[in-house]
Structure formats: structure tokens, C-alpha cells
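Everything below concerns the one structure shown next.
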Amino acid sequence: SPLFPYSHSTIELFVNRLDSVESVLPYEYTAFDFCYDESEKRPSENLGQVLFGERIEPSPYKKNMECQSVCPKSYNTEKAEDKAKLEFLKKGMLLNYQHHWIVDNMPVTWCYDVEDNQKFCNPGFPIGCYVTDTGRAKDACVVNADFNDKDTFYIFNHVDITIFYHVVENEAAGARLVAAKLEPKSYKHTNWEKPDCTGPPMSLGNKFSGEIKIPYTYSVKFVEDKTIRWASRWDYILESMPHTNIQWFSIMNSLVIVLFLSGMVAMIMLRTLHKDIARYNQMDSVEDAQEEFGWKLVHGDVFRPPRKGMLLSVFLGSGTQIFIMTFVTLFFACLGFLSPANRGALMTCAVVLWVLLGTPAGYVAARWVNEEINNSFELKVVFADFFVMNLILWGEGSSAAMPFGTLVAILALWFCISVPLTFIGAYFGFKKSGIEHPVRTNQIPRQIPEQSFYTKPLPGIVMGGILPFGCIFIQLFFILNSIWSHQMYYMFGFLFLVFIILLITCSEATILLCYFHLCAEDYHWQWRSFLTSGFTAVYFLVYAIHYFFSKLQISGLASTILYFGYTMIMALIFFLFTGTIGFFACFWFVTKIYSVVKVD
């Protein structure tokens, strides 16, 4: 609850996993040999948190005191175990691993001044920092001029925690916590039993050998702040998140492009089609009919079942599942059910929806194909990929590795709920009579004339993916940032807009290309329409690779493999999602135009 006891004697401070921008691997708090509290039990986590590798633990930082010692940690480099722990701690500082602490479900932030007198509030703070052998202060070492020994690590072993609260008058004695901030410091306490929190920083030479003692201490103070309302207490963190203003600009930009495009498409389509249909329906005499040309010629072949129809139907079933899941999740997120304060809610919501949406998937797949259906294709691929990723994470001892129990639980969700639902859907799909086509299909397939370069399959497919990708790529930058650079993503309103824009552009680009192909008397539209909009995923993949090399400073083989493994899963899901939109748009279009022409 937001109320905490008015006697400021204790605070409930939880510690989350540590992560780094330079490595994809998060580690649990206990992996680093910090002081921790064994007496208390851990709070339970939801599915989304477990999937994202969040591990929340109680911490020993409790009392409201000045300069209170927590525990000293001694290391002797002669002992192999101590040496390994110290090496791990150094590696954590070198890669700039960040603590994430939580009080009353609020991240404890470290606020500092950046250029143009702006304050930046980081929802985490580093373990320590490193000064290179050339004397260059890396990362957080720039905050203190005393951090100047070459080839040395400095450990932030002291934190000043400030809790901001305001008293609520009309309620029983209680105060509401509105912000929690801290400042990491480094002190080499000479007498750790009675620390005074002054003096030189706690340094650790890179080549150091022998015995070293690292004492951990903290101070807590409470400050009343009447200006912040409890409801808007997240604002100060979100405000210091960079680039919110770029957002509006980019959205407006892509909206204008989309409107322009839609206008053009609609105009071309309506005018040309209108003329075509009028002309086709006016041909009375036999002579005219012999000089038929354009898309009406292929009316006897346009609904011929495609090659590898089974695979296409499985793709469509999976795509429908993804589409509905994305739509519902985003809709809830827009209404504010899945805010960043509600940890792991977004992922939990998506996974549960995914499992429950087996029925529409089975139904759609069955309507397209009349044979026994196995709609677990893409799940097998995703699961295999996921399993390999998990093995790597286990090998590295990271907290993002799913506990075995969770893996089993997800498999159970899939087998016991999703698969039966898929079969129920398929059963209803088969029971309905096949889709009624507006025109009969001829016995003998007609010959497709020689195509020009533009109407050959490949150039069309490659062109088709450009427009939808252009709409999403700025959002993509923010989403990738929130996944890999650990920034909070809260702009679901924008994302929903972009989702709608993506839907429109995918449909329009596909329909336009579909029309050109039919005019060129090429009637293989099924796979082509799926691939045309699905090609957006290939651009997504290229962009993710560019992002990896230009924006991320990820080092290490395991991290790199993980990055590309997860990117592959995202690209596959995105491929099925956009492909399905394209296919259904094109299907609707083809059905529509052939139902209005008179066919002898």
C-alpha cells in the first residue's frame, strides 16, 4: 500500500537484478557477493517478470540512520574462491553493471546534472567504475575528481538514500512515499565498526594481490515534499527519459506520408477500377470479348489453390493469433492497465493472450486447407531458438535464464490449453463449408505471359516492404532501446497509432502491387501477397543488425549470440504478423473486384 508507518524507523527496500548496457546478460543481486538479507523470504514474481529475468530480493538496507554499516566483505587473493568473486566484481564494474533498487514499487533513482542544466534521473546506479591505465575515467568515475589512480577500480560501497514523502491530512496517521533518490559514494572506512563516512575513496587496483576489506555502509534520511502528488510520482523519471519530443515529430511525419499514400492508392484504385469494371460490363458483342485484356482475363485462375497451401495456412493461422494478441495487448496498454509501475504485466498479458488465442488460429488455418492441421510450426521454431538461448544464459549463470519450472509451466500452458483450443478452432473451421468464390476456377491453368522486370515476383516483394518499414522505424528505435538499453517504454499511445498506420500501409502496398500483377495476367497472388508485406520483417532484421553495430557497445560472444537469437524470434513473429495482414487485404480485394464483373 502507498501508506507506510509514520515512525520513520524502517524502510522496505528491495533489490532487483543487475544489468548493463554493454552486456545482454542480467545477473541476480546475490551473484555479486554484496551484503544480503537471508532471513526474509523473497516476494513472488509474475510470469512476465520471470521471462524478463527480474529477480526481486529483500535487502539489508532498513534502518533510518546516518552512516550505518551493513557488512564488511573480506577477500584474500591467495584463495581461489575469493579471487573468483573479486574478478567477477571487477568485471561487473568494467562493464558498468547497474543496481536497480525498489522502494514501495518505485525505482530508487540517481539524479545528476547533465549539460544545459538539466537533471537526468537514472533508475539505477553503478556498482563502481574503472579508471584506465592511461588515466581516462570511464562511465561513472567522472563524478569525482579523487578517482584518479591509473588502472584502478572504485567501488560505490556507500549510498545516501533520501526518501521524499508527503503527509496525507485526511487519512489516519500515514505518509505517502512520492520519490526515492540516492547518491552512490565511495569511502575507504578505516574503522568499519564505527564508520564516519568521510575520507578517501575505496579503491581496488587491477593488479592487486593480498588481502582487502570492502565495508558496505548507507545513510537514510526522510524529507517532506508537498509539491509532488502521489498519482504523478513517476513523472520525474519519465521526464528525464531522452527524446520524447522527437516522437511527435516522427509520428506526424509518418502520418502525413500515410495519408498521402492512402489518398493516392484510393484514387488510383477507385478511378482505374471503376473504369475497368464499367468497360468490362459494357462489352456486349462477341468481338469485344475476344479482345479482353487486363485482370479480367485471369478470372478462371485467380482462385486456384496455391502451391504449398498447407504451409501458407499454418502461417496465416499463426499470424492471426499474433495479430489479435498484439491488438489486445496494445489496447490494454493504452488504457493504462500495463504501466511501468505494474512490473511484468505487459509480458504476462501477451503470453496469456497468445495461449488463449489458439482457437482463431486453428479456425483460420482450417478454413484455408482441408486436411489435418498442425499449427505448432512457428512455436517449434521459437521454442527451439528460445531453448538454445536459455542454455547459453544458464551457462553464463545469468538471471535471465528461465528457471526449469517456468519452462515446464510454459510448455504445459501450450500443450494443455493452446493446442486443444487450436483443434477446437480447426473443427469449427472444417465444419463450415469451404469459402465461396465469386468466380469458377477453370480446369486447365492458363499460361502466364512473359513478365517485365517490375512485375516479376522478387522486385515487387522487395518494394512492398519499404513503405510499412518507413512508418515504424522510429518507434522501432525506442522499442529496441527499451529492450537492450534498459530504458522504460511507456509511449503505448504512440505505439497503438503506429500499429494502425502499419496495418494500413501493409494493406495498401500489397493491394496496389496485387492489382499490377493481375493486370499483367499473373494470377499467383496468394504467396506473393503474404511475402510482399512480410518482407518488412527482413528490413526489421537489417535495422536490428545496424542498431547492434552502431548503438550498442555489447561485448562477449554469449551476449552477441543472445542478441541475434532474440532478434530472430522477433523477426519471425513480425514476418507472420505483417504477412497475414497483407494476405487478407489482398484476398478481400480480389474477392471484391471479381464479384462485380459479369463473367460469361
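Every residue gets a Cβ built from N, Cα and C, even glycine.
According to TrEMBL, the transmembrane segment annotation covers 248-270, 314-338, 344-365, 377-395, 407-430, 461-484, 490-518, 530-549, 561-590.
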### Message
As a test: from 314-338, 344-365, 461-484, 490-518, 561-590, pick the stretch that has the greatest number of Cβ pairs under 8 Å with the transmembrane segment (407-430).
### Response
344-365
### Message
Between the transmembrane segment (344-365) and the transmembrane segment (461-484), are there three or more CB pairs that fall under 8 A, provided the residues in each pair are separated by 6 or more in sequence?
### Response
no
### Message
Using a Cβ cut-off under 8 Å, which residues of the same chain at least 6 positions beyond either end of the transmembrane segment (561-590) come close to it?
### Response
24-25, 302-303, 312, 315-316, 318-320, 322-323, 326, 378, 381-382, 385-386, 388-389, 392-393, 464, 468, 484, 502-503, 506-511, 514-515, 518, 525-526, 529-534, 536-538, 540-541, 544-545, 548, 552, 554
### Message
So if I exclude everything within five residues of the ends of the transmembrane segment (490-518), which remaining residues of that chain have a CB under 8 angstroms from its CBs? That is, six or more out.
### Response
238, 244, 247, 251, 254-255, 258, 261-262, 265, 268-269, 272-273, 294-295, 298, 302, 326-327, 330-331, 333-334, 338-340, 454-455, 460, 463-464, 467-468, 471-472, 475, 478-479, 524-525, 528-529, 532-533, 536, 578, 581-583, 585-586, 589-590
